[in-house]
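Step one of this worksheet: look at the structure below.
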Amino acid sequence: MTIRVGVNGFGRIGRNFYRALATQKAEGKNTDIEIVAVNDLTDNATLAHLLKFDSILGRLPQDVSLEGDDTIVIGDTKIKALEVKEGPAALPWGDLGVDVVVESTGIFTNAAKAKGHLDAGAKKVIISAPATDEDITIVLGVNDDKYDGSQNIISNASCTTNCLGPLAKVLNDEFGIVKGLMTTIHAYTQDQNLQDGPHKDLRRARAAALNIVPTSTGAAKAIGLVLPELKGKLDGYALRVPIPTGSVTDLTAELAKSASVEDINAAMKAAAEGPLKGILKYYDAPIVSSDIVTDPHSSLYDAGLTKVIDNQAKVVSWYDNEWGYSNRLADLVALVGKSL
């Protein structure tokens with residue numbers, strides 16, 4: 001069965017999702033997923049140009065053009081390009097036979113708003129961000145076993161939660177987490193200013209390419225949604241840094257059981273080669289952020305940075321906050337599509 005997908009919001013994540021899915025399909029994975037339509041407020045000529053040319057991912061190898069004013073042609077693939085401004089309920093998902101909507105505008109993250117996609121004829125909605133009042137938040141490899149097909153509005157959490165989740169799961173399963181604090185050293189995003197200017201967050205008001213910008217992250221608290229046993233036990237913040245992609249999570253946790261550096265690294269390696277294969281990757285090489293750009297894993301564990309004092313452990317994991325997350329988005333569409 002083909003899983004027909006509509007994408008609402010063809011920005012950084014929407015376009016990365018398209019490219020990640022195309023890469024997976026070329027490798028023989030998730031070949032039953034078809035993107036049939038995208039919707040964005042931006043004109044379609046601009047969308048086609050930004051899909052073809054990408055400052056991080058480079059040029060798309062296929063030719064990209066417009067057919068008429070409502071179809072983007074990518075190689076021999078045609079995608080309906082909508083410009084519906086009235087909100088999810090006004091989208092023609094029913095007429096287009098869309099099964100799953102990827103909601104990636106960053107606007108309709110509340111379930112009441114996202115429900116408009118269901119009213120418009122879609123069967124499932126996946127929000128590519130932390131959400132409110134959603135039926136379930138899923139981090140693949142951590143709690144995807146909780147999806148039973150009855151949930152219609154699903155959050156794929158954040159890129160940082162997708163990195164932190166596997167780390168926290170392994171630590172908690174093997175040694176127990178009493179409490180912990182995390183920092184994500186995160187690439188800048190569109191929610192920051194290129195130059196100093198007004199912003200509701202006065203730190204993010206400052207020039208993104210010139211500063212290390214401390215700001216909030218909900219990733220640590222969101223862990224409680226996917227690992228309920230850790231609810232209220234983790235907290236942290238983000239440091240936005242002047243790079244376009246490639247981020248890293250630093251977690252310091254008090255463990256219930258004492259463990260050595262070797263114990264922790266062995267547990268992470270076993271998980272990366274076993275139940276979390278494809279989600280968690282184990283590195284013992286001395287890598288830097290550019291080394292993990294376009295790596296499809298959610299979390300790339302850096303064994304050389306593990307530290308332990310008594311029962312306090314520090315673990316570090318890298319992630320491509322765009323590409324890794326977009327690959328999980330494609331995998332979540334596949335999981336949800338199987339229940340249709």
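FYI, residue positions are counted from 1 along the chain as it appears here.
Glycine is treated like the rest: Cβ placed from N, Cα and C.
Feature annotations, reproduced from Swiss-Prot:
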- Cys159: active site, nucleophile (ACT_SITE)
- Arg12, Ile13, Asp40, Lys85, Ser128, Asn321: NAD(+) binding site (BINDING)
- Ser158, Cys159, Thr160, Thr189, Arg204, Thr217, Gly218, Arg240: D-glyceraldehyde 3-phosphate binding site (BINDING)
- His186: site 'Activates thiol group during catalysis' (SITE)
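Applying an 8 A CB threshold to same-chain residues 6+ apart, the list for Lys85 (NAD(+) binding site) reads Leu41. Within the set of recorded positions Cys159, His186, Gly218, Arg240, the entry lying nearest in space to Ile13 (NAD(+) binding site) is Cys159 (CA atoms).
The binding-site residues examined here are Thr217, Asn321; by Cβ neighbour count within 10 Å, the least packed of them is Thr217. For Ser158 (D-glyceraldehyde 3-phosphate binding site) paired with Asp40 (NAD(+) binding site), the C-alpha to C-alpha distance reads 21 Å. If you compare every pair of Cα atoms in Ser158, Cys159, Thr160, Thr189, Arg204, Thr217, Gly218, Arg240, the residues listed for D-glyceraldehyde 3-phosphate, the longest distance is 19 angstrom. Around the Cβ of Thr189 (D-glyceraldehyde 3-phosphate binding site), the number of neighbouring Cβ atoms within 10 Å comes to 17. For the residue listed as 'active site, nucleophile', the binding-site residues whose C-alpha atoms fall inside a 10 Å radius of its own C-alpha are Ser128, Asn321, out of Arg12, Ser128, Thr189, Arg240, Asn321.
DSSP classifies Thr189 (D-glyceraldehyde 3-phosphate binding site) as coil under the three-state reduction. Here the CA atom of Arg12 (NAD(+) binding site) lies 16 Å from the CA atom of Thr160 (D-glyceraldehyde 3-phosphate binding site). Comparing CA positions across the recorded positions Arg12, Asp40, Ser128, His186, Asn321, the one lying closest to Thr217 (D-glyceraldehyde 3-phosphate binding site) turns out to be His186.
Every protein chain considered, the tally of other Cβ atoms within 10 Å of the Cβ of Arg12 (NAD(+) binding site) stands at 21. Nearest Cα neighbour of Arg12 (NAD(+) binding site) among the listed recorded positions (His186, Thr189, Arg204, Gly218, Arg240): Thr189.
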